[in-house]
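Some features that TrEMBL has for this protein:
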type     : residues                       : note
SIGNAL   : 1-17                           : signal peptide
REGION   : 25-49                          : region 'Disordered'
COMPBIAS : 26-46                          : compositional bias 'Gly residues'
DOMAIN   : 59-273                         : domain 'Plant heme peroxidase family profile'
SITE     : Arg77                          : site 'Transition state stabilizer'
ACT_SITE : His81                          : active site, proton acceptor
BINDING  : Asp82, Gly99, Asp101, Ser103   : Ca(2+) 1 binding site
BINDING  : His206                         : heme b binding site
BINDING  : Ser207, Asp226, Thr228, Asp233 : Ca(2+) 2 binding site
Amino acid sequence: MLQILILWSATALLCSGASLERRGPQFGGGGHGGGQGGGNGEGSGGSSSCPSIWTQIASDLRSDFAGCNDLARSSIRFAFHDAAGYSVKNPTYAPASGGADGSLLLNDEEISRPANNPLKQNYRDKYLLGKYNQYKSNGISAADLVQFAGSVGTRSLQRRPNCEDAAPAGLLPNAFGPGSDADTLLALWADKGISPRELAALMGAHSTSRSFTEEANGIPAGGPQDSTPGVWDVTYYREAQEPSNPPGVYRFNSDVNLANASATGPSFTQFGRNQGLWANEFSAAMAKLSVAGIPASTVAGFVDCTSLIF
């Protein structure tokens, strides 16, 4: 089961070239991702005694993700997709009602869906499944490993139980076509407990994203969503609001729609002007998403392993 808590990973720090120092909000406390919470998982984390095996895992990840490489970028997206399977409309079932439960790593049907399949080829099969098999005999859960690997400046709570059942389908946003309009996206994320401001912050993960599934919509395999895909920065926000695609940038219609919507557009503008503001709010929003659907009583038993990341 998921058993640790970390400031969500070394990956974004490696992508930004920042020094390895502790940053971002603490996970305890009010509003952003983790005060005393109810049934949506927003409880405060527990013990500070992190199992020693995570020291070795953290060292492996820092080495393997150096230089903001494709593994580093994929780890962020993978953690995001595993957690985003939660919705208040899902049936309630252990451990996370479709949220961050490791099912994206463990379930072949879920990872093979069109939105996830590039992660299967380029990250899950190529890297993370082997890493999980290497360490699972030490009591490491798939759910923990997914969030630990993807953690970027937010606490990742570990002691999450695994779930080998696929999360419900249709809960990831569409980049183009039906479902890519702002109103549909805002409603989809509201069902995950994510506000418009938090959604705008989460979209900043596209700072380092490259698309491998939208050739039919004119994006070549590996096409980036901003002009600095090797840097964890706020260029994405500025370019999402430009009148047309910058050279070499392949924007999603969903991103452009959110960038210009009244509910999220002002946040895009603010984040594009202030990287520190965005970094803190992304950390908080990702922390909140990473425990969505997990009962607060379970979150209270998670162990804090943040210190291993920085």
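Note: Cβ is positioned from N, Cα and C throughout, glycine not excepted.
Automated prediction, rather than curation, is the source of TrEMBL annotations.
Sequence features annotated in TrEMBL and their locations in the structure.
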residue	record	DSSP class
Arg77	site 'Transition state stabilizer'	helix
Asp82	Ca(2+) 1 binding site	helix
Gly99	Ca(2+) 1 binding site	coil
His206	heme b binding site	helix
Asp226	Ca(2+) 2 binding site	coil
Asp233	Ca(2+) 2 binding site	coil
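Excluding the listed site residues Ser207, Asp226, Thr228, Asp233, the same chain places Thr208, Ser227, Pro229, Val231, Trp232, Val234, Thr235, Tyr236 with Cβ atoms within 8 Å of the centre of the Ca(2+) 2 site Cβ atoms.
Listed in sequence order, the residues of the same chain lying 6 or more apart from the residue listed as 'active site, proton acceptor' and placing their CB within less than 8 Å of its CB are Leu104, Ala115, Asn116, Leu119, Leu172. Gly99 (Ca(2+) 1 binding site) sits 30 Å from Thr228 (Ca(2+) 2 binding site), taking the CA atoms of both as reference points. Across the domain 'Plant heme peroxidase family profile' (59-273), the model assigns an average pLDDT of 86.
Asp226 (Ca(2+) 2 binding site) is surrounded by 25 other CB atoms, counting those within 10 A of its CB over all protein chains shown. Between the C-alpha atoms of Ser207 (Ca(2+) 2 binding site) and Arg77 (site 'Transition state stabilizer'), the distance comes to 11 Å.
Comparing Cα positions, Asp101 (Ca(2+) 1 binding site) lies closest to Arg77 out of the recorded positions Arg77, His206, Thr228, Asp233.
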